[in-house]
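Asks: After the structure tokens below, expect a handful of questions from me.
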Amino acid sequence: MKRPLDFLLAICLILLRSSTFADEHTVHWNSTNSMFRNRHPSIEVRLGDVVRFVCPDNEGRKNGEYLTVYEVSEFAMGECALESNSREVIKCGVDTNTEKIIRTHQLPIGESREPPKNVAQFIRSVNPIPNGKEYQPGQTYYYITTSSGKPGGIGQQMYGLCVSKNMRLSMKVLSSQPTPSPSSKPARSRTDARRQEDFITKSSAELMGGQEDEDSENDNAHLLPRDLEIATNPKFRRPSQFDQAAASAGVLDGQFLKVVQMAKEGKTGTFENDREVQKSAEKDAWDPINRHYVADLMNSAYKNANDRVVYQREPDFLIHEEDISTNSLGYSSSSSSSLPTFLIVFLIAVNLLF
């Protein structure tokens with residue numbers, strides 16, 4: 001006996017907790033509700049909320065509305081037609097005597113008017129009641145009524161008020177807690193923004209022929225040590241600093257301007273600059289492209305090499321010109337140079353034998 005009581009107590013606690021922290025959404029299911037005037041009536045609920053479907057209030061009305069609310073699939077809602085697996089949510093028909101008695105006893109003290117019939121749907125992913133309806137976050141559930149609104153058409157299976165009064169509803173279930181909005185891209189720091197401005201400024205200066213703005217001298221003040229090293233590298237210098245880069249590479253200003261002029265004229269190929277002979281021996285030694293100094297070294301190396309040569313291999317083939325007038329060329333192999341001597345010795349030996 002103790003276990004059933006514990007089970008009922010647990011259910012009561014769950015329901016109490018849900019009702020305490022949940023929101024209640026009331027849907028008045030009648031044709032006069034302005035919600036059904038929208039083309040696609042819809043609501044959003046969260047896990048733990050309560051959705052209450054309220055029947056039309058026919059008290060004191062001569063022509064009341066009598067209908068049944070069903071939970072259907074998306075296709076059935078679009079077609080306004082019931083399927084075999086459609087689930088009845090609430091039936092708003094003529095109350096029987098038993099229903100009238102039950103509802104009368106449920107009235108609060110001091111009230112004599114019966115409230116409209118209603119049913120509450122608890123939005124939860126796990127239902128402690130066996131075979132109870134469970135809702136999953138991210139899913140959408142659909143409700144329609146195909147009744148005609150008359151007492152005799154309460155069991156109609158197609159169209160009805162779903163078509164004539166657009167009495168249909170889409171309910172999307174969200175998670176129990178509001179999902180955080182996708183984090184936007186992190187705001188660029190002041191340094192990144194300044195680097196972007198510098199890049200635009202540099203690109204603009206290059207397009208304008210090397211003209212810089214007034215703040216160009218302070219462009220490197222914000223850079224980190226590693227970025228500063230890259231920024232001061234000659235490969236990344238601005239057009240206005242090319243003269244310094246050329247001087248550091250051993251190229252004179254006149255030569256560099258000549259190259260620039262040839263590039264503007266669209267010339268291609270290789271060329272050699274005319275250099276004046278440097279009179280200072282100290283300056284010649286430090287000139288990285290001193291042609292005369294390199295030529296002297298090469299001549300000295302060749303001269304020393306010729307003095308040390310003591311043997312030179314005889315070429316395998318010799319090409320010579322025998323008749324200049326006929327321009328006929330012939331060749332002789334070094335391996336056949338001893339052939340006539342061998343023939344003479346052979347003929348002398350034959351004569352001695354015979």
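In case you wondered, yes, glycine gets a Cβ from its N, Cα and C as well.
Feature list, courtesy of Swiss-Prot:
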COMPBIAS  175-186  compositional bias 'Low complexity'
DOMAIN    23-173  domain 'Ephrin RBD'
CARBOHYD  Asn30  N-linked glycosylation site
REGION    173-196  region 'Disordered'
SIGNAL    1-22  signal peptide
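Help me picture where these features are in the structure shown.
Replies: Counted within 10 Å of its Cβ, the other Cβ atoms near Asn30 (N-linked glycosylation site) come to 21, all protein chains included. According to DSSP, Asn30 (N-linked glycosylation site) is assigned to coil rather than to any helix or strand.
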